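Peer 1: Checked TrEMBL, it gives:
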{"type": "DOMAIN", "residues": "47-149", "note": "domain 'TMEM205-like'"}
{"type": "TRANSMEM", "residues": "42-66", "note": "transmembrane segment"}
{"type": "TRANSMEM", "residues": "86-105", "note": "transmembrane segment"}
{"type": "TRANSMEM", "residues": "117-137", "note": "transmembrane segment"}
{"type": "TRANSMEM", "residues": "188-208", "note": "transmembrane segment"}
């Protein structure tokens with residue numbers, strides 16, 4: 001994942017440069033751009049946005065819930081610890097490209113208020129995603145590994161659902177404390193993910209209003 005992190009950082013810096021200094025990359029504040037380039041950028045924006053939105057929708061509301069309800073809890077946690085870094089990295093790259101192309105097509109100095117708000121939504125989603133990738137996800141995975149170790153000592157974790165964990169935590173203060181800390185970190189991660197998804201949903205409404213079907 002190290003190379004993906006470096007690639008994401010490079011794409012992020014490029015996107016920031018395009019957004020705040022589009023003239024450097026050939027964008028004109030008077031709206032004069034190459035039609036072919038504009039088409040490619042619109043395509044990049046749509047593909048990357050739709051990929052990020054679709055992935056967020058599936059992971060947040062469908063895939064994760066199905067896996068939790070059907071996989072042994074430790075197996076589910078181990079799978080999530082591999083999937084989430086890849087998920088946040090992919091979504092981060094897509095959001096960087098999407099925000100960068102949108103910023104190029106809508107230079108700040110000549111953009112409407114609505115366009116500026118949309119760029120803000122894209123950047124907000126990107127920021128929440130990066131917070132999850134570099135802060136909450138590593139903390140959650142580390143806490144999960146520590147809790148799995150304690151649970152294995154109690155011969156639990158291979159069941160589906162939380163029932164045995166809750167029962168053992170009532171008589172095991174260490175596990176109860178871990179549950180509380182894990183719940184707090186995981187809650188913050190989920191909240192950041194929901195905020196990112198909400199920002200993407202706002203942009204999807206904007207795009208729908210621009211369609212001429």
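Each residue's number is its place along the chain shown, starting with 1.
Here the Cβ of each residue, glycine as well, is placed from N, Cα and C on the backbone.
Keep in mind that TrEMBL annotations are predicted by a computer and have not been checked by a curator.
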Peer 1: Which sequence positions outside the transmembrane segment (42-66), separated from its termini by at least 6 residues, show Cβ-Cβ distances below 8 Å to it?
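Peer 2: Contacts of the transmembrane segment (42-66) (Cβ under 8 Å, skipping residues fewer than 6 from its ends): 80, 83, 87, 90-91, 93-95, 97-98, 101-102, 105, 122, 125, 193-194, 196-197, 200-201, 203-204, 207.
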Peer 1: Tally the residues of the domain 'TMEM205-like' (47-149) by DSSP class, grouping H, G and I as helix, E and B as strand, and everything else as coil.
Peer 2: 97 helix, 0 strand, 6 coil
